[in-house]
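*Asks:* So that we are looking at the same thing, I have put the structure below in structure tokens.
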Amino acid sequence: MESHEKENKFRSAIDNAAFEMTSDVSSAKETAGPRRLKDLDDLFPYIGDFGWYQRILFILMIPFGFFFAFVYFSQIFMTIVPEQHWCRVPELSNLTVEERKHLSIPLLEDNKYDRCHVYDVDWQKILEKGVTEPDRSWPIKKCQEQWEFNFTDVPYETIATQLGWVCDKDNYPATAQSVFFCGAIVGGLLFGWIADKYGRIPALVGTNMTGFFAGVGTAFSNSFWSFCLCRFLVGLAYDNCFVIMYIVVVEYVGPKWRTFVANMSIAVYFTFAACLLPWIALAVADWKIYTLITSVPLVLSIFTPCVVPESARWLISQGRFDEAIKILKKFERVNGKKIPEGVLKEFKETASEIARSEQEVKNYSVLDLFRTPRMRRNSILLLFIWMSIAMAFDGHVRNVGSLGLDIFLTFTVATATEFPADVLLILTMDIVGRRWLAFGSMVISGIFSLLATTVPLGIPSASLAIVGRFSVNISFNIGMQYAAELLPTVVRAQGLALIHMTGYIATILVPYIVYMATIATEIPLLILGTIAIAGGCLCMCLPESTGKNMPQTLQDGEDYGRGQKFWDMPCFNRKAKRGNADLS
């Protein structure tokens, strides 16, 4: 967690997983007879939309937001390598650093010392002769598994410096990060199954405890393969360590508060925790202690069942109506509300209908998304769009070390853009629309990424790249919400899972894209910019969903967006409707 995550990473997708509970049923209307409860949301007027209990749950999201950021980003600061390193020559240990480098390390054409080669001579004889100047004709050989590092830019040992992951092994950090995302794929399937079979809370505890044990194990890794194993297991926790809690809380908040709770939990909790990470690494100046500090807090999740209620919707789907009612009564009590007995009795009667409807959804498979032409086209577009968003987002997260500035400060500033991006998204999405905002933010991200390759490294390139990161943050938060609004109810959950999974698969490639900066610093941003622009253009091929009812059946999904014009934009449509109304 980043995409996968800042999908994994997972923000608006889960907002809509909860949002679908309200959008798939028409609002109940008052009739001459008693009000008919259609859904769990119809009880919010009686238990409170955002009372004290919901506020407590919103605050309880804080540790899980921190866990999400720690799991997603912590590996960056375990494996970074100082810019300057050179071969270690034990025989020259009595000389100063500058004397050792000058005598033993070949100079390159740019007057920088070679990071991976050393002169191949008998250093004992060289010292005995009192030689202090190197002979450029001396033979050269590769470093023999020993390096020295200039810890000015990264002022502490990392596992990469301790184990020598440089030169021929400089791809090891990228490989370990890809292994992490492989773990995320397995974790998504495993804990998704646990959440459906045994409940949201057991899955939430399980995913965080896995992250805890594997994170602690990471601190004791002493080889590349043991590190990869631990990071694979930590990957199991990404991004369910937060997303499951996210679902539960958003589910218990009234519809009018869901946008606030869903987006602000990411904008504040996740962003603040991510911004803390580089400074924790600098403060402790020891990668093992840093790893423990970012892993041990996950053990707090063991207390989750004591303070967080199980999902009432899941309990109802399992036929455990009395347990769901007991939880709802707790909301009623803490919020100082009262559910009339008649309403409660009616809800008990309709709960079985809700459970039966949820069971009917299981008769459909994700293959149904690809059976009809328009829905097949939209589904394929959504897959490629989310892959491009996930890759662009995660790429910008990991490329901060190639921008020519202090990686700790640059990472903090770039990550902090998450907050204004979320706020801007809340203010503009319903005005501009999903399609145009997704297109615009992706294309702007791509353009600024490409522009960053045309200016000198340092503040110019970093500033442009950070604008690109800001824009892709917006795209990331739109992505899953847009998908949830286009997919039919009967296959929505499976469709979102498929899209989410393709994002994980795509981000496996991202560490290698960022690794290409070792060839030329411009390559990652060139690739990320191209991917972002291509993904943004694909968004324009989708129908607009702002202000539209979400499709329920497969036929609804096939017909969705028919008659829409390419240049349609919600704000202009509303103005046109008001103008027609005034004329009439």
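FYI, residue positions are counted from 1 along the chain as it appears here.
Any Cβ shown, glycine's included, is placed from N, Cα and C.
Automatic, uncurated: that is what TrEMBL annotation is.
Okay, so TrEMBL annotates it like this:
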type	residues	note
TRANSMEM	52-73	transmembrane segment
DOMAIN	58-547	domain 'Major facilitator superfamily (MFS) profile'
TRANSMEM	178-195	transmembrane segment
TRANSMEM	224-248	transmembrane segment
TRANSMEM	260-281	transmembrane segment
TRANSMEM	287-308	transmembrane segment
TRANSMEM	380-397	transmembrane segment
TRANSMEM	403-427	transmembrane segment
TRANSMEM	436-459	transmembrane segment
TRANSMEM	496-517	transmembrane segment
TRANSMEM	523-542	transmembrane segment
*Asks:* Please determine whether the transmembrane segment (178-195) and the transmembrane segment (403-427) are in contact (criterion: at least three Cβ-Cβ distances under 8 Å, sequence separation 6 or more).
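*Replies:* They are not in contact.
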*Asks:* Would you kindly check 52-73, 224-248, 260-281, 380-397, 496-517 and say which stretch has the most C-beta pairs under 8 angstroms to the transmembrane segment (287-308)?
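*Replies:* Of the candidates 52-73, 224-248, 260-281, 380-397, 496-517, 52-73 scores highest.
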*Asks:* At a threshold of under 8 Å on Cβ distances, which of 52-73, 224-248, 380-397, 496-517 pairs most often with the transmembrane segment (436-459)?
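*Replies:* Out of the listed stretches, 380-397 contacts the transmembrane segment (436-459) most.
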*Asks:* Under 8 Å, at least 3 Cβ pairs, sequence separation 6 or more: does that hold for the transmembrane segment (52-73) versus the transmembrane segment (260-281)?
*Replies:* yes
*Asks:* Restricting to the same chain and to residues at least six past its boundaries, which positions have a Cβ under 8 Å from a Cβ of the transmembrane segment (224-248)?
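*Replies:* Beyond its ends, the transmembrane segment (224-248) has Cβ neighbours at 1, 4-5, 7-10, 14, 17-18, 57, 60-61, 64-65, 67-68, 71-72, 75, 159, 163, 165, 169, 172, 175-177, 179-184, 186-188, 190-192, 195, 200-201, 203-204, 207-208, 210-211, 213-215, 217-218, 262, 265, 270, 298, 301, 304, 308-311.
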*Asks:* Taking the domain 'Major facilitator superfamily (MFS) profile' (58-547) alone, what is its mean pLDDT?
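*Replies:* Looking only at the domain 'Major facilitator superfamily (MFS) profile' (58-547), pLDDT averages out to 90.
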